[in-house]
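Engineer: Supplied in structure tokens, the structure appears directly below.
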Amino acid sequence: MQRPDMSVAVAGIKMRNPVMTASGTFGYGAEFADYLDLECIGAMISKGLSLKPKAGNPTPRIVETPGGMLNAIGLQNVGIDAFIEQKLPYLKNVNTPVIVNLYGNTLEEYGEVAARLDGLSGVAGIEVNISCPNVKQGGIVFGTDPGAAQEVVRLVKKNTTKPMIVKLSPNVTDVVLMAKACADAGADALSLINTLTGMAIDLERRRPVLANVTGGLSGPAIKPVALRMVWQVAKAVKLPLIGIGGIMNGRDALEFMLAGATAVQVGTASFLDPSAAQRIAREMEQYLVDHKIESVSSLIGALEL
């Protein structure tokens, strides 16, 4: 058979294959150019960008755990203006869609960052991180309150013409409720899941390992949770989904597609193997060849119950 068709599209963003890089694990893209061919992956997602530069949390802020890692980086980034001036020019010369992940500490910040990206060439879409505390509302996380999440999504939608992916938090009682709220507010696609909140303790020192005390758990340990949430949301919402959580190889990625994801994001795997995203895309294609499957899109939601 001829080579299988690996192309997919998420909210109008056409990709050569379903493998995207997860925000916060791939720098701004250029940092990984020596380790893999940036034009062999589906899309690149930037570090989370805020209105102003952010220094992040004190160290230590990363710790390995059984089956994964905890991070409390604190959304360190150069700020939206520096990204546009210093990082985006390089990315414009790469023939791979660039999606900008953005966040805010207030509703207004989300809207302002989205507005600054609107109309820019070289940005195929935006991913909205709603797992941030609303400093004007006592620190409640936008992504754990359906009403607050809808406010963010509506404002970003108002301020941009670019496709909008909303990244869902798993730290909720009902992820389907959050997914429906974001869909109703105008999300064009959903990515899930973000990290699970966890902590690590140093027994000898009787202190938390992370300076921030808690952090976000990622890696293979969260994959079963992520698969379950993707499957649940796929049954409830008619939007393209991007699966995230513990994807280390091509088989992992294809499992997410069976559960209902159109594409996947590779995150923690890139810390262990900087070329992971390209390798996973290659492994997915080889699986299709071995099983005589003509198109990867035929696997989306093809789970048999």
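Using the three backbone atoms N, Cα and C, a Cβ is placed for every residue, glycine included.
From Swiss-Prot, for reference:
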- Ser23, Lys47, Gly48, Asn101, Asn129, Lys167, Ile193, Gly219, Gly245, Gly246, Gly267, Thr268: FMN binding site (BINDING)
- Lys47, Asn71, Ala72, Ile73, Gly74, Leu75, Asn129, Asn194, Thr195: substrate binding site (BINDING)
- Cys132: active site, nucleophile (ACT_SITE)
Engineer: Within 10 Å of the Cβ of Ala72 (substrate binding site), how many other Cβ atoms can be counted across all chains shown?
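Structural biologist: Looking across every protein chain shown, the total is 23.
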Engineer: Largest pairwise Cα distance, Å, within the listed FMN binders Ser23, Lys47, Gly48, Asn101, Asn129, Lys167, Ile193, Gly219, Gly245, Gly246, Gly267, Thr268?
Structural biologist: 20
Engineer: Measure from the CA atom of Lys47 (substrate binding site) to the CA atom of Ser23 (FMN binding site) and give the result in Å, rounded to a whole number.
Structural biologist: 5
Engineer: How many Å lie between the Cα of Ala72 (substrate binding site) and the Cα of Asn129 (FMN binding site)?
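Structural biologist: With the alpha carbons as reference points, the distance is 15 Å.
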Engineer: Which has the fewest other CB atoms in a 10 Å radius around its CB: Gly48, Gly245, the listed binding-site residues?
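Structural biologist: Lowest Cβ count within 10 Å among the binding-site residues (Gly48, Gly245) is Gly48.
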Engineer: Indicate whether Cys132 (active site, nucleophile) is helix, strand or coil by DSSP.
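Structural biologist: Where Cys132 (active site, nucleophile) sits, the three-state DSSP reduction gives coil.
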Engineer: When the number of other CB atoms within 10 A of each residue's CB is tallied over all shown chains, which of the recorded positions Cys132, Ile193 has the maximum?
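Structural biologist: Per the Cβ count within 10 Å, the most buried is Ile193.
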Engineer: Show which residues of the chain containing Thr195 (substrate binding site), separated from it by at least 6 in sequence, have their CB under 8 Å from its CB.
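Structural biologist: Same-chain residues close to Thr195 (substrate binding site) (Cβ under 8 Å, separated by 6 or more) are Asn71, Ser131, Pro170, Gly215, Gly216, Leu217, Ser218, Ile222.
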Engineer: Other than Lys47, Asn71, Ala72, Ile73, Gly74, Leu75, Asn129, Asn194, Thr195, which residues of the chain come within 8 Å of the substrate site, judged by Cβ distance to the Cβ centroid of those residues?
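Structural biologist: So the extra residues in range turn out to be Gly24, Gly48, Gly216.
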Engineer: Please report how many Å separate the Cα atom of Gly267 (FMN binding site) from that of Cys132 (active site, nucleophile), as a whole number.
Structural biologist: 19
Engineer: Cα of Gly74 (substrate binding site) to Cα of Asn129 (FMN binding site): how many Å, rounded?
Structural biologist: 13
